[in-house]
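Asker: One structure follows; several queries about it will come next.
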Amino acid sequence: MSNLTVITHPLVQHKLTLMRRKDASSNSFRRLLGELSQLMAYEVTRDMPLSPVQIETPLETMTGQMIDGKKLVLVSILRAGNGFLDGMLNVVPGARVGHIGLYRDPATLQAVEYYFKMPAGIDERDTIVVDPMLATGNSAVACMARLKQLKPRSIKFVCLLAVPEGIARLQQAHPDVSIFTAAIDRELNEHGYILPGLGDAGDRIFGTK
């Protein structure tokens, strides 16, 4: 489990609890997700490489350290993953953005791809995949397999909630992918939804049923 990080910062846990409440409006849910994604981005980007840069302060010249956001790609698993993007782009505005569309077959719970669009040169970039939920793990596994065809430099997966079976599925299929989550919930129900969970993240973000 060395590639699994649970982000336990008090602000993360506070905002996640507010999001879980069934009476949270779509507006509140979106706002909280944006705030949470910024907080989680701090931990997820902790090991990003720095490059020396010469700058002028008001008093003298110095050498500072900067990250190269242009070497980073954020990949949203549609549609709920889009809720993560604004917050993360606030932290790393130079990042490129890709999208993969996957839907879950209600009969088999397997992921079916319907859209895939990535920036050029992904083989020279580190990649962060965002999706609020790691449930069965099927969508995450399918996404990683598709991304690896483009040979990105590295892949991280970021979610709000995960369950043990989803974590195990992703780790077994892609042990090189680092997983970041705000919480590990108890289990999946018979329909593949996380318990206690927070409901359908996409519906709650966009106010749909």
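Cβ from N, Cα, C; glycine included.
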Asker: Which candidate from ARG79, ARG96, ARG153 does Swiss-Prot annotate alongside ARG104, ASP131, PRO132, MET133, LEU134, ALA135, THR136, GLY137, ASN138, SER139, ASP200 at the 5-phospho-alpha-D-ribose 1-diphosphate binding site?
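Answerer: The record-listed residue among the candidates is ARG79.
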Asker: Between ILE194 (uracil binding site) and ALA135 (5-phospho-alpha-D-ribose 1-diphosphate binding site), find the distance joining the two CA atoms and give it rounded to the nearest Å.
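Answerer: One finds 6 Å between the Cα atoms of these residues.
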Asker: I need the least crowded one of these binding-site residues (GLY137, GLY199), counting other C-beta atoms within 10 angstroms of each C-beta.
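Answerer: Least crowded of the binding-site residues GLY137, GLY199, by Cβ count within 10 Å, is GLY199.
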